[in-house]
Number of protein chains: 2
Amino acid sequence: MAFDPASLRYDVAGLIPAIAQDHATGEVLMMAWMNAEAVARTLETGRVTYWSRSRQAFWVKGETSGHVQTLVDLRVDCDRDCLLVRVTQEGPACHTNRRSCFYTAVREGEEVELLRPMD
Amino acid sequence: MAFDPASLRYDVAGLIPAIAQDHATGEVLMMAWMNAEAVARTLETGRVTYWSRSRQAFWVKGETSGHVQTLVDLRVDCDRDCLLVRVTQEGPACHTNRRSCFYTAVREGEEVELLRPMD
């Protein structure tokens, strides 16, 4: 079946969550949001493109930082209201310069930092 | 630092997205939503507990199906507005009886089914 970005289920703001996963390691890197046009651009260009809710603008990941995400595989969940983008990640995915945004664990009630910023 | 579920950033409905990942394989299984109480219950019980938006009720994953998710590690992202729960998943995570909800890929403009329902 041909894929149509309009067939996804977006929230009231017209957005769908997109989970970025390192294709090689399986590491979950970040979660951000796309609108239908960002989904289309991601597929067309192979450069993962989100919608920045704070800036209200398209956000081609790595455009300014150089930490680009190259699309390897785009996946849709059963309810069509969440995306999984499997990517090749250049450098850190997180704006804190860490490889993944999920660098804090909760263990025995305490927050533990798992990753340090990359050099 | 002690972890407090109230320190997370919830949306206007009081919810935060939670990505479930198979701890052993790295496979992303599903994404669902938690409120602060669901986060607390997940940590207290070790049984991953979401908030069902459709039923407006707590959803202890696997409570009726037996396909429970046992918490291995809970992680918080840099913006504190998304969670990653690393789990041991019993059987399929998806209500379609597939291991993962992300069983549809988009390849060359077409939707491709990657996983079949489990026996």
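Cβ atoms are placed via backbone N, Cα and C, with glycine included.
Bear in mind that TrEMBL entries carry predicted annotations, made automatically and left uncurated.
Annotation comment: TrEMBL describes A:30-103 as domain 'Phosphoribosyl-AMP cyclohydrolase'.
Marked as Mg(2+) binding site by TrEMBL: A:ASP77, A:ASP79, A:ASP81. For the recorded site, A:ASP77 (Mg(2+) binding site), the DSSP three-state label reads coil.
Sequence annotations record features per position, and here TrEMBL assigns Zn(2+) binding site to A:CYS78, A:CYS94, A:CYS101. Taken residue by residue with DSSP, A:CYS94 (Zn(2+) binding site) is part of neither helix nor strand, so it is coil. All chains included, 21 other C-beta atoms sit within 10 angstroms of the C-beta of A:CYS94 (Zn(2+) binding site).
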(Q) Given a 10 Å Cβ-Cβ cut-off, pick out the one of the binding-site residues A:CYS78, A:CYS101 that has the most other Cβ atoms nearby. (A) A:CYS101
**Q.** Number of other Cβ atoms within 10 Å of the Cβ of A:ASP81 (Mg(2+) binding site) across all protein chains
**A.** 15
Q: With DSSP as the yardstick, break the domain 'Phosphoribosyl-AMP cyclohydrolase' (A:30-103) down into helix, strand and coil residue counts.
A: 10 helix, 29 strand, 35 coil
Q) Cβ distance under 8 Å to A:ASP77 (Mg(2+) binding site), same chain, sequence separation 6 or more: which residues? A) A:LEU83, A:LEU84
Q. Quick one: Cα separation, A:ASP79 (Mg(2+) binding site) versus A:CYS94 (Zn(2+) binding site), in Å?
A. 28
